[in-house]
Amino acid sequence: MGGDPQDMLHRPSISSPGPSPNLDPNLISDSNEDSTPSPQKQPSGGFDSTPVPYAPAGFTLKFTFHRASNLPIADISTLSADPFVLARLTSALPRRNKQDPDLVWRTPTIPRNVNPVWDCDWIVANVPASGFELKCHLYDEDPVDSDDRLGNVKISVQPVSESWPGITEQPYKVQKRSGSKRAYFFRSVRM
């Protein structure tokens, strides 16, 4: 076969090599053997033949999470909170499978702070022109216990176009009714 060695790296192989000495011989099948299933269960996973749904070209958006202020005290021992934001972006794009998750992004945790500053960017590609919904959940991180919910912010944008001005930096009111009762109890005790 000869030729340039670099050319060989990109050429697909058409011959099948012999079994590798490191492979389990029970997992290798010989084409001369009968096609009865092996008693050993094969691992799940592999190729998904479900077609990827068509989606028109979308927009690339940058979301910046600047800061929060006057968050409730969630940790009574430190009289502060360890806040982070968990952002979830949903749109009208069709999903390949029902189980496909939403796009989710998390800021770093700012320890012992009720006025955290994140200044973090999340860049999302192919956001459809039909718009999107951005849900931001504020949590207090508790490594030992479950994280306390401090509140939510929901932003809906319909539609997005080339002339869309974007979401300007502005304060958003956190919906406290979805927050942890424990965090708001600590806040009311402090006041």
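Each Cβ is built from the backbone N, Cα and C atoms, and glycine gets one as well.
What TrEMBL records for 1-51 is region 'Disordered'.
The compositional bias 'Polar residues' feature in TrEMBL is assigned to 28-43.
Annotation comment: TrEMBL describes 39-172 as domain 'C2'.
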Mean of pLDDT values spanning the domain 'C2' (39-172): 91
Secondary structure composition of the domain 'C2' (39-172) [DSSP: H/G/I, E/B, coil]: 0 helix, 54 strand, 80 coil
